[in-house]
């Protein structure tokens, strides 16, 4: 059997430390092709590039690995990989990251890292987004490499349910070793923004957005709890957003006579 | 009882026809405040502006309505509205659109229109994204105004389940009148991209991304079917992406002995 084909992307950009670590682990498991943004794309959510052109350049960054930088978003990178770089070859695995910073809870919505993984999932490829809950560009990834390898190996061997991508978060490096893996649901939490109001040299007002994370979740089966307790969190994520429970409720509660044409 | 406070945003930009139509309908229902992007933001997904500054300017575009243009994404607009424009006032309804173009099926992921609605929902506000399945900037909205008013009225009266935003799509103007409303699930469909490869005047390669929509869904309970059959589609969408069925499967299928630390 030929070696698995593994597509690697991220949202911190092709020169970040996190993607170097991810590529080095994936090289043990298969043939690696990298298509990643040429600049940081944090907070890009599932953005794609419409109405603007895209650039794609071959890069010699990772030894023995075909690599391309793209001018677009993480989701663009997966699309370019599928339709232009890989063409008739189908990846056995799509991995994104390792993100410098947490993508637990509601951050999955804003996450460029996860958008690459979800884009992979909707093409039918087993896909994983990896994030380390440490925002430093020089973050220590040494304690997570073995976990990345194990989780990727499981996905290569066992596959994933249709329409599902894994959101994997790792606790930051601590004195104590990581305790293990928790399969989790997305925690009920959100960002509480603050806008810092300033004036430019021309006297015109501008804003910086900053956020404080607020966790409402008291459960122990969610990703926030797992990270806080030094476990790896894995949340399987779906891109079918339908809230089926709300359909039932609306069928019952709404005034359908009034809503007739 | 005071009039409801209604926050309006969109992703086509504050000068688009769709938002003018939406504002004119909402003015019948309550006090309207507009915070919308200063330029088109289609395909921005749930992007937010991190590491760059934001601008916000008061605009006199809509008669008798407080309106602001913002330099950021639709999600940024809702955050700016909450924390800066509205401050201590809580909107009774957040509406986004009316988008020039479809946001059915998988397009919900890429949709700036829906990101404003989902951002509203995660702040706990009843929120609706409206889209017309007609991409023309001069699209005819005359057949949807009454529907927008009815749906917004129902949401103001009955509320929405926690964590849910409505994705409402309208069929394009046809000879036959719209037949009614269908509560739907998100259709199983995707975009099949094509990249047009070109060379700039300096001989450097660039790409345009174009997409063809491919519908795999044979059901009649989804938004694609509703639009194709001249119904208004309403998909209640949730931002909790957890695929609970996948947790059960992974608990059973994965080799948890191997995955121990």
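For all residues, glycine too, the Cβ spot is worked out from N, Cα and C.
Lifted from TrEMBL, the feature list:
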DOMAIN    A:6-193  domain 'Survival protein SurE-like phosphatase/nucleotidase'
BINDING   A:11, A:12, A:42, A:99  divalent metal cation binding site
Other CB atoms within 10 A, centred on residue A:12 (divalent metal cation binding site):
24
If we take A:11, A:12, A:99 as the binding-site residues, which have a Cβ under 8 Å from chain B?
none
Quick one: which residues besides A:11, A:12, A:42, A:99 have a Cβ within 8 Å of the divalent metal cation site's Cβ centroid, in sequence order?
A:10, A:13, A:16, A:18, A:40, A:41, A:74, A:97, A:100, A:101, A:111, A:112, A:113
Run through the Cβ atoms and count how many others sit within 10 Å of the one on residue A:11 (divalent metal cation binding site).
33
When the number of other CB atoms within 10 A of each residue's CB is tallied over all shown chains, which of the binding-site residues A:42, A:99 has the maximum?
A:99
